[in-house]
Amino acid sequence: MEPSPATGGSETTRLVSPRDRGGAGGGLRLKSLFTEPSEPLPEEPKPMEMSFHHCHRDPLPQPGLTPDRLQAQRQLCAACAVCCVFMAGEVVGGYLAHSLAIMTDAAHLLADVGSMMGSLFSLWLSTRPATRTMTFGWHRSETLGALASVVSLWMVTGILLYLAFIRLLHSDYHIEGGAMLLTASIAVCANLLMAFVLHQAGPHHSHGSRGAEYAPLEEGPREPLPLGNTSVRAAFVHVLGDLLQSLGVLAASILIYFKPQYKAADPISTFLFSICALGSTAPTLRDVLRVLMEGTPRSVGFEPVRDTLLSVPGVRATHELHLWSLTLTYHVASAHLAIDSTADSEAILAEATSRLHSRFGFSSSTLQVEQYQPEMAQCLRCREPPQA
């Protein structure tokens, strides 16, 4: 019996074999084309089965800190504790020795403490989920902590420079060479200890299939750069600079200990090391201002990102391309993609997102797909921004 079209509210029926019902009887029976109440309803597709259609190609981040960040947290805590102890010792020793050079070295340690505590604070805040108020989370706290550290160092250094200038004008001061020599020696040992704590021999061993911690960009999607390891490396480089300054203070203290008449070496050292301290913060301040001003990340170029998006099959043009950072390692991108009318928008969105993540390490990307129109070439809003 051929299927009959449904008319009105009647039910459409067809003849089926007992094999279709799994029964044992003979003859043909009527079966409804509609689902019978006794039969179970088809299950809804699970989210895991549809994940490959969605734009988020990476799994959800696990709560808490990763092993790399836990290791970085332990290193930063240990180095920060050592730094605080010896900074307090340098303040006391510099006061007893009447040495501004020792105080300058203590001020540099203060900047180290602020930088490490800012990194630790940002590591803690990074575990907090995004909210409707803080939709990006709390990542930018790292940048604000770095700015506070730089400002505090500049204020303390400015005071020490003023005192050193007064000393050079009047020369009515006395330096305790023994106390200065002892304090400077302890400061060198402290910086060596902090450098040992923060030293990283190389990439951590991995038990996954990826092997090394960093994979070449051509191998496909990779993990975002770990904030913790980046902070540890930055602190290690800063401590090396402090070590060189401590060695300079030690040389000045040796000179004053054996030749007290050359006590002017103390304020002169303060001038030299203050300039070095301010110069060492210049790259940090430049990076902080770039992040706060929503500038393009230093490691990412505008033209390579644009060319990568244009290389996706079906993309005719791009506009409203914006690149910025929440931190030095958390990069964000957004753009409009003008595509051919016959192109698959979902496939283009997935491919463009994948390329941004694998080639440039963008942690977040927002892409709007729209059909290409010839008048876009004349639109002022669609033009690329000029060179800075």
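For all residues, glycine too, the Cβ spot is worked out from N, Cα and C.
Features of the protein shown, as given by TrEMBL:
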DOMAIN    78-293  domain 'Cation efflux protein transmembrane'
DOMAIN    300-372  domain 'Cation efflux protein cytoplasmic'
REGION    1-52  region 'Disordered'
TRANSMEM  76-100  transmembrane segment
TRANSMEM  146-166  transmembrane segment
TRANSMEM  178-198  transmembrane segment
TRANSMEM  235-258  transmembrane segment
Worksheet, complete the sentence: Sequence-distant contacts of the transmembrane segment (146-166), meaning Cβ under 8 Å and at least 6 residues beyond its ends, amount to 100, 103-104, 107-108, 110-111, 114-115, 118, 267-268, 270-271, 274, 277-278, 281, 284-285, 287-288, 292
Response to the item:
The correct DSSP tally for the domain 'Cation efflux protein cytoplasmic' (300-372) reads 25 helix, 28 strand, 20 coil
